[in-house]
Ligand code: ADP
C-alpha cells in the first residue's frame, strides 16, 4: 500500500511516496519557485539506499497543478518511475498548518472539511491557503483516492482552557477564537509515541516533555499521552527562541517600536518573524555556524546560545511544575537531534529535579532514537528523530482504518 504525502507551501510542494507495509520511502522531493520564471523540481527515488537516484529539473512551473503533474510524470516514468500509474496510490496525506478549533484529529477530506479550512484562513493567512491549493490540486488529479488532512494544531486541542486562554477581553475568544493553538503537533505526537515505546509503557500512562528544536522551536507538556500545554501560541511566534523568530516578548514592545522607531505593524511583524531569534541576537540562525563563532570567541554568538538554552530551561522547569511527575524529556528536530551542547545547557541545573544527563551518551552521534540520561536519572532523557512525513502517513493509516 503506497501513500502520497504532500506538504504544499505558497510556492512549493514537498512530497514523499511511502510504502506503508515496510514504512520505506520510495520517493521524496521538492518542487520550488512555483509561479516564478524558473521553477525547480528535485526528486530522489529510494533515498538512502544503494540504488538511490536523483533527478533535478529546471523549468517554468506555472502553478501547483503543473508542479504536481510534473511530479506524477516522474513517479510514473516508464523507465525510472516507482509506480505504474496513479491508481497505485492508496491514500494521500496533506499537512495542514491550522485546523483551529474545528479539528481535534486528522480528518478525511470532504467538501465540508474544505469549507472549514477556508473558515480558518484568518488564523493562518499565509499557510492555510497554500495547503488548500495542494488539496484542491490533489482532489482534481486523484478524485477517487482517500485523502486526509493532518493538522499541526490537532494534537494540542486537548489543552484545557487554563492553558489555551490568553488573559485578554473574553469576547476576543468568543468572537474571533483568539487563543493558544500550538503547532508542530504531528512531531510532538510522533516522538511521544516513540518515547512510550522506549519506556515500555502505554502512551496514555506517560507524562512527557517533548522539545522540538529546529528552525522553529516548541515544547509540549504531555500528561497521560495528551498535550496539556505547549509553547507556540495562536501563531508560531510565541515561546522559545527560534532561528529567526523571537518567541516570548513583552507585547508593549510593539507600541514602543511604533512610537520610537516609526515602524508600522507589518514591519514589526516581519522583524519579529524573520529578523529576530538567534539571527537577531548574533546575525546567524544556523546553530552549526553559531557554535563555530562561539569557538572563535564571538561574544554575541555565545549570548545567543545562552538566551536560547536559558529559555528552554525555563520552559522545562515550568512544564515539570505543570506535570508533577515526568517520565521522560525528549529532544527532537535539527538542533534537538544533533546538538549535544544545546541539550546539556538546556538541562543544566535540573539535577535537583532528578534530571541527570549521561555526558558520554549525550555526546554520541547517531540517527537512532536513544536514551541519553544516566541509569539513576528519575526523569529519563531521550533523543528521538522526528519524521513528519512518516508521522503524517501513520495518521492517514489510522483514519483509513477508522
Ligand atoms: P525545520 O524547522 O525547518 O524543519 P530542522 O528540524 O531541519 O528545521 O532544523 C534545522 C536546524 O537544525 C538548522 O537551522 C540548524 O540550526 C540545526 N542543525 C542541523 N544540523 C545540526 C547539527 N549537526 N548541529 C547543530 N545544529 C544542527
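Note that Cβ sites are derived from N, Cα and C of the backbone, with glycine treated the same way.
Where the annotation comes from TrEMBL, it is an automatic prediction and has not been curated.
Features as listed in TrEMBL:
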- 7, 388: Mg(2+) binding site (BINDING)
- 14, 212, 213, 214, 215, 216, 286, 287, 288, 334, 335, 336, 337, 338: ATP binding site (BINDING)
- 95: substrate binding site (BINDING)
- 152: active site, proton donor/acceptor (ACT_SITE)
- 184: site 'Transition state stabilizer' (SITE)
- 245: site 'Transition state stabilizer' (SITE)
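A map of TrEMBL features onto the structure.
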{"residue": "14", "record": "ATP binding site", "contacts (Cβ under 8 Å, 6+ apart)": "6, 7, 8, 29, 30"}
{"residue": "95", "record": "substrate binding site", "contacts (Cβ under 8 Å, 6+ apart)": "5, 6, 7, 8, 131, 150, 152, 186, 388, 392"}
{"residue": "184", "record": "site 'Transition state stabilizer'", "contacts (Cβ under 8 Å, 6+ apart)": "152, 212, 216, 218, 220, 232"}
{"residue": "213", "record": "ATP binding site", "contacts (Cβ under 8 Å, 6+ apart)": "240, 312, 331, 332, 333, 334, 335, 336, 339, 342"}
{"residue": "215", "record": "ATP binding site", "contacts (Cβ under 8 Å, 6+ apart)": "242, 243, 244, 285, 334"}
{"residue": "245", "record": "site 'Transition state stabilizer'", "contacts (Cβ under 8 Å, 6+ apart)": "216, 236, 237, 272, 273, 274, 276, 277"}
{"residue": "286", "record": "ATP binding site", "contacts (Cβ under 8 Å, 6+ apart)": "243"}
{"residue": "337", "record": "ATP binding site", "contacts (Cβ under 8 Å, 6+ apart)": "331, 383, 384, 385, 386"}
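Look at residue 245 (site 'Transition state stabilizer'): DSSP puts it in coil.
According to DSSP, residue 184 (site 'Transition state stabilizer') sits in a coil region rather than a helix or strand. Proximity of the recorded positions 184, 213, 286, 288, 335 to ligand 1, judged by a Cβ distance under 6 angstroms to any of its atoms, singles out 286, 288, 335 in sequence order.
Residue 337 (ATP binding site) falls within a helical segment according to DSSP. Residues 14, 212, 213, 214, 215, 216, 286, 287, 288, 334, 335, 336, 337, 338, recorded as binding ATP, reach a greatest CA to CA spacing of 24 Å. Shown are the recorded positions 152, 388; the one with the most C-beta atoms within 10 angstroms of its own C-beta is 152. Reduced to three states, the DSSP call for residue 286 (ATP binding site) is coil.
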